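Participant: Please read through the structure below; I'll follow up with questions.
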Amino acid sequence: MRTQMLRSVQSASKSSKFAIRNYASTSNPERKVTVLGAAGGIGQPLSMLMKLNPLVSTLSLYDLAGTPGVAADCSHINTRAQVFGYAEDKELGKALEGSDVVIIPAGVPRKPGMTRDDLFNINAGIVKNLCTAVAKYCPNALVNMISNPVNSTVPIASEVFKKAGTYDPKRLFGVTTLDVVRAKTFYATKAGLPVEEVNVPVVGGHAGITILPLFSQAHPQANLSESDIEKLTKRTQDGGTEVVEAKAGKGSATLSMAYAGAIFADACLKGLNGVPDVVECSFVESNVTELPFFASKVRLGKNGVEEIYGLGTLSDYEQKGLEALKVELKASIEKGIEFARKNN
Ligand SMILES: NC(=O)c1ccc[n+]([C@@H]2O[C@H](COP(=O)([O-])OP(=O)(O)OC[C@H]3O[C@@H](n4cnc5c(N)ncnc54)[C@H](O)[C@@H]3O)[C@@H](O)[C@H]2O)c1
Ligand SMILES: O=C(O)C[C@H](O)C(=O)O
């Protein structure tokens, strides 16, 4: 028994040495990913998932406090990325310099009874300051905005970058991947399909009714009733609230968000590295509708957004949802722009 265990340990260690040699010999370019808010509920698991990503060569972890510990912990994982922890304002520049992708989950989460917009007063200022630093230290980075309310924080970031003269709409993304992750999970469960084979585009924004899953375009197509589609739509729109209530005051989605954030950052890295046909939904500057920002499928490439796809054919129910969401989304976008202009 003991010999058998020893043998399996020896073979495991042989295979991990082999894996390390393989990493060293891959042709993946050097890529620096920075996480701002890395010691938080999303930041920690997201940092770990980025440490596991072989496309990352440098992982830079920044938060107001606690990042040296998170970085030391992550750094012991035997994967390619070199990990560095930075804390406090004075280290923000070093954390950001040379970044290819900056992921921003810095800010406060919701408690039961709150909307994402209730976070605006605190998170708007945090995002504005962090984006000012991004413009200064890594103006060419792809920015993955996770901090809520995404419908307003992305417009804030765009105004900050415009003021700094660094704005490139192809490089700014609101991360809406969690809506897609949820839509896939709920749809696959209801339809009895293997979840890994399911795809569902989610468009609009990232709050309540502005989240519009397009189940009429789901793959594979399942024969669900109108009432099932309405329930799935509502559950996707309320997915964040479902987690906030279940956590009962201890924050919002962190683990599923870290997973979703890691998928989106990986797509950005693949695009930068020239991998073809990388498509994800994201909230970006867009002319798909009359609104200046909108989430839809985008193709990622060496410059960030290479192509923004239109909405395709919508069902009557989705068309109504689209018209209904525009009022709220427009107001949230304008609120962000106005805040950034006033506080410039
Ligand atoms: N886009 C999405 O789908 C999605 C999903 C889940 C949560 N969120 C949002 O992500 C944000 C973070 O959520 P969380 O659960 O990780 O919260 P958290 O409170 O656990 O962590 C936030 C972290 O941000 C840090 N922070 C605050 N101000 C900072 C600053 N100026 N610079 C650097 N770091 C700073 C805090 O110290 C903390 O460690 C919230 O706004 C939440 O609503 C978005
Ligand atoms: O719901 C929240 O407040 C967090 C996040 O936006 C989510 O969708 O889980």
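Note that Cβ sites are derived from N, Cα and C of the backbone, with glycine treated the same way.
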Participant: Looking at the NAD(+) binding annotation from TrEMBL, with Gly37, Ala38, Ala39, Gly40, Gly41, Ile42, Gly43, Asn123, Ile146, Ser147, Asn148, Met257 already listed, which candidate in Asp63, Asp100, Asp168, Asp277 is the matching residue?
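Facilitator: Among the candidates, TrEMBL records only Asp63 at this NAD(+) site.
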Participant: Is any of Gly43, Arg116, Ser147, Asn148, Arg182 (binding-site residues) within Cβ reach of ligand 2, i.e. under 6 A, and which?
Facilitator: Arg116, Asn148
Participant: 10 Å Cβ neighbour count around Ala39 (NAD(+) binding site)?
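Facilitator: The answer is 22 other Cβ atoms.
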Participant: Around the substrate site formed by Arg110, Arg116, Asn148, Arg182, list the extra residues of the same chain whose Cβ is within 8 Å of the site's Cβ centroid.
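Facilitator: In sequence order, the nearby non-listed residues are Pro109, Pro149, Val150, His206, Ala207, Gly240, Thr241, Val244, Ser252, Ala253.
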Participant: Measure from each Cβ of the binding-site residues Gly37, Arg182, Met257 to the atoms of ligand 1 and list the residues where some distance is under 6 Å.
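Facilitator: Within range of ligand 1: Gly37, Met257.
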Participant: May I ask which of the binding-site residues Gly41, Gly43, Arg116, Met257 is closest to His206 (active site, proton acceptor) if we compare their C-alpha atoms?
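Facilitator: Ranked by Cα distance from His206 (active site, proton acceptor), first place goes to Arg116.
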Participant: Among the binding-site residues Arg110, Asn148, Arg182, which ones place their C-alpha within 10 angstroms of the C-alpha of Asn123 (NAD(+) binding site)?
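Facilitator: For Asn123 (NAD(+) binding site), the binding-site residues whose Cα atoms are within 10 Å come to Asn148.
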Participant: Nearest of the binding-site residues to Arg110 (substrate binding site) by CA-CA distance, picking from Ala39, Gly43, Ser147, Met257?
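Facilitator: So, of the listed binding-site residues, the one sitting closest to Arg110 (substrate binding site) is Ser147.
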